[in-house]
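One structure is given below, encoded as structure tokens.
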Amino acid sequence: MEYFTNVKKVKYEGIDSKNPLAFKIYNAEEIIGGKTMEEHLKFSVAYWHTFAEELTDPFGSGTAIRPWDNITDPMEKAKAKVEAAFELFDKLNVPYFAFHDVDIAPEGESLKETFENMDIIVDLIKEKMETSKTKLLWNTVNNFSHPRFVHGAASSNNADVFAYAAAKVKKGLEVGKKLGSQSYVFWGGREGYESLLNTDMGLEVDNLGRFFHMAIDYASKIGYEGQFLIEPKPKEPTSHQYDFDVATTHAFLQKYNLDDKLKFNIEANHATLAGHSFEHELRYARINKMLGSVDANQGHPLLGWDTDEFPSDMYATTLAMYEILKNGGLEKGGLNFDSKVRRTSFEPEDLFRAHIVGMDSFALGLKVAHKMIEENVFENIIDKRYKSFNEGIGKDIVEGNTDFDKLTEHALNLKEVKNESGQLEVIKGVLNQYILQALSGK
Ligand code: XLS
Ligand code: CA
Ligand code: CA
């Protein structure tokens, strides 16, 4: 059965196309620097936003119109969504998808029944994957929505909840192994606190460390080979999340000897919520060799919460692709659209229109970033700006051949301290030129 009857296979029509159901820039087979766009970008559809999202907001009920709306039995609905999902993957030609356990199968009366429901749907997904090109980028489990997780999961004050969360992750790893997920994601749901007045922060953070070690041990026990990823977010749902941003989470991973076992899954909207730019978080992870994967979306500049919009900001996609290319790609990661259509974009076709805009925006970012790297644009600017560290006292500093006595002697002998302009306006203009050139097909 066909679910999205108004959409045919989405084609590349070029920059002048006026068809909202065609790619303008993303051309999967086009070679950029020896690899196809598809290989570089590794797009993934997020099951939760595309197949589980009803488009509610705190002031209104769901607006989404979906082809499976009339199915009432939860398991039948879950099966229909799997069929619809693979139709959408195929029509959009996306190579990956990602899900939480509860996105794909309904929870049962007991944990045992929940696992049984999941087994049925996972078997169906496995069967669909056999004839589809689309692979599982990552899976995770939702240890935050159900009321049992009201005080957190691995950081809960309730040990039974810790155990329940562990059982769900154990199952998640088994599912990941069965479906060959490239990575397994930990996003700290409610791992944080509302108030210190009733919180044992030391115990909660130690327990988080214990939880990760047990998950990693179990993965090696069953031979799961995916990359573990941790996804920082500073707030929402709790007022303070422990995995605040990359730097905070890196320190946590180092403290608990986990930094060689996990990499980061960086979401654009979480970066801006933390008061950083998307590229800041990517850079911080990259320089620490911990950039694993990306949740591609964007926040709203006027709103202080996680709006998870589809990415359309070409500066952000360009600077993100710059970091990803400099990282040598994302290995077992990819660009997962953790993005949802606006509540006002409720038609089933909007799911396609929105992904197309996101894919085009990243394809443009790839083109621009690739050209700028080939022409050493930022590298030349930065080499020149830091040239004082290539010789003389600067070289002594970076090579560890100096101390405060020698530095003071150097400073006392200076006739004047001369700085040069950083020319940031010129650099921004150059970036604009590269974007405009790429848009005009140069
Ligand atoms: C929520 C997170 C979540 C993770 C996966 O804000 O982005 O969706 O990506 O649990
Ligand atoms: Ca995310
Ligand atoms: Ca988010």
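Yeah, the Cβs are placed from backbone N, Cα and C, and that goes for glycine too.
Here's what TrEMBL has on this protein:
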- His100: active site (ACT_SITE)
- Asp103: active site (ACT_SITE)
- Glu231, Glu267, Asp295, Asp338: Mg(2+) 1 binding site (BINDING)
- Glu267, His270, Asp306, Asp308: Mg(2+) 2 binding site (BINDING)
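Structural mapping of features recorded in TrEMBL.
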| residue | record | contacts (Cβ under 8 Å, 6+ apart) |
| --- | --- | --- |
| His100 | active site | Tyr47, Trp48, Asn139, Thr140, Val141, Asn142 |
| Asp103 | active site | Tyr47, Trp48, Phe51, Ala52, Asn142 |
| Glu231 | Mg(2+) 1 binding site | Val185, Phe186, Trp187, Gly188, Asp243, Phe264, Asn265, Ile266, Glu267, His270, Asp295 |
| Asp306 | Mg(2+) 2 binding site | Lys233, Glu236, Asn269, His270, Leu273, Gly299 |
| Asp308 | Mg(2+) 2 binding site | His49, Asn269, Asn297, Asp338, Ser339, Lys340 |
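Ligand 2 lies within reach of Glu267, Asp295, Asp338 from the recorded positions His100, Glu267, His270, Asp295, Asp306, Asp338, judged by a C-beta closer than 6 angstroms to any of its atoms. Each of Trp187, Lys233, Asn265, Ile266, Ala268, Asn269, His270, Val294, Asn297, Asn336 belongs to the same chain as Glu231, Glu267, Asp295, Asp338, is absent from that list, and has a C-beta within 8 angstroms of the C-beta centroid marking the Mg(2+) 1 site. The local packing around Glu267 (Mg(2+) 1 binding site), expressed as other Cβ atoms within 10 Å of its Cβ over all shown chains, amounts to 27. Among the recorded positions Asp103, Glu231, Glu267, Asp306, Asp338, the residues whose Cβ sits under 6 Å from any atom of ligand 1 are Glu231, Glu267, Asp306, Asp338.
Checking the recorded positions Asp103, Asp306, Asp308 against ligand 3 with a 6 Å cutoff on the Cβ atom leaves Asp306, Asp308, in sequence order. Mapped onto three states, the DSSP output places Glu231 (Mg(2+) 1 binding site) in strand. DSSP classifies Asp306 (Mg(2+) 2 binding site) as coil under the three-state reduction.
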